[in-house]
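Q: These came from TrEMBL, pasted as-is:
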- CYS193-CYS214: disulfide bond (DISULFID)
- CYS292-CYS313: disulfide bond (DISULFID)
- 22-138: domain 'Ig-like' (DOMAIN)
- 147-242: domain 'Link' (DOMAIN)
- 247-339: domain 'Link' (DOMAIN)
- 1-20: signal peptide (SIGNAL)
Amino acid sequence: MTSLLCITIISLTLAGSAFSLPTGSASQLKVKVFADLGSNVTLPCRLLSQDAMAFGNIGMRIKWTKVEDDEALNKDVLLSMGFHKKTYGGFENRVFLQELDNEDASIVITDFSRDDVGKYHCEIINGIEDSMQEVSLEVLGGLIDGVVFPYTPLVARYNLNFDDAVQACQKQNASVATFDQLFDAWKGGLDWCNAGWLSDGTVQYPINNPRGPCGGTNNGPGLRSYGRRDKQISRFDVFCFSSALTGRFYWLVQPDRLTFDEAVQACLDDGAEIAKVGHMYSAWKLDSYDRCDAGWLADASVRYPISRPRKNCSPEEAAVRLLGFPDKTQKSYGVYCFEEQ
């Protein structure tokens, strides 16, 4: 695998896993790494001082952390102290020390996904001189410019012919996803057991965790395909693709819970419109929008976006949670709005 490594102003091209870093002040060393989704990627970190003792010393401590603007949201990645090594959370069994030599504190992340994108700190403590190095990990080819999401309408599962599917995505500020877009989303971890239309008229669904009801356990991860179907007669769900937002997606603070009609009007009174499903998915996936409040959307569904899994919200995974299509007169929810810019 070939990746691009950018160190401050200098750009270096790396082949395989062989690389070197310049020596200097750790506080000034910032590295940017690009990789393809689904690949294995190396985040470089080395002992910078030539006078410090080697990593072979049992007392050496290496700590990798995925950092956020809010330090309370930082995630432990890997801790190494001598022969003891531990990985955490979603990084468990996917992250390993590279250990090319006694001064190498680099880690290898396997099966790189969009959830791995972000900023990392490598902290090295050897009892003589401590160092901190920063590595930013991004998707090769630039910023992620859209998100694929499965869509099922109010009338229930498998009720859309192809024309209905096109209209359903358009109403949610999206378009019917292409095969390449769904394949990219699958590489990024999308797993969904309901079959949906794609723009080429095929019906497929992405599976990362093979299981009985979703094509069986004998088949490995991949896209399951029903092939091309009659666009007028056949009925399925649809996979939509929403681009990056051109406006502001937000939770509207209100003193009381709202009916659906009240939610629509509240956004209008605030100079915006009630948000669509595509707006929420784009804000969640591309901007890491996170809120544990259920709110009305334009299709009369109630959803909430969680980018930081936690108890009572979405304990096991980052996701847009759907509470269904409740009675529109029910006053149990808030509302998400979208302001075009």
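Each Cβ is built from the backbone N, Cα and C atoms, and glycine gets one as well.
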Q: Which one of these disulfide-bonded residues, CYS214, CYS292, has the sparsest Cβ neighbourhood, judged by other Cβ atoms within 10 angstroms?
A: CYS292
Q: Round to a whole number and give the Cα-to-Cα distance in Å for the pair CYS214 (disulfide bond) and CYS313 (disulfide bond).
A: 26
Q: Helix, strand, coil residue numbers for the domain 'Ig-like' (22-138) per DSSP?
A: 12 helix, 51 strand, 54 coil
Q: Determine, to the nearest whole angstrom, how far the Cα atom of CYS313 (disulfide bond) is from the Cα atom of CYS193 (disulfide bond).
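A: Pair distance, Cα basis, whole Å: 22 Å.
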Q: Would you mind reading off the Cα separation of CYS292 (disulfide bond) from CYS193 (disulfide bond), to the nearest angstrom?
A: 25
Q: In sequence order, what residues of the same chain, 6+ apart, have a Cβ less than 8 Å from the Cβ of CYS193 (disulfide bond)?
A: TYR205, ILE207, ARG211, PRO213, CYS214
Q: Among all protein chains shown, how many Cβ atoms are found within 10 Å of the Cβ of CYS313 (disulfide bond), not counting that one?
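A: I count 16 other Cβ atoms within 10 Å of it.
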Q: Taking the domain 'Link' (247-339) alone, what is its mean pLDDT?
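A: Per the prediction, mean pLDDT sits at 96 for the domain 'Link' (247-339).
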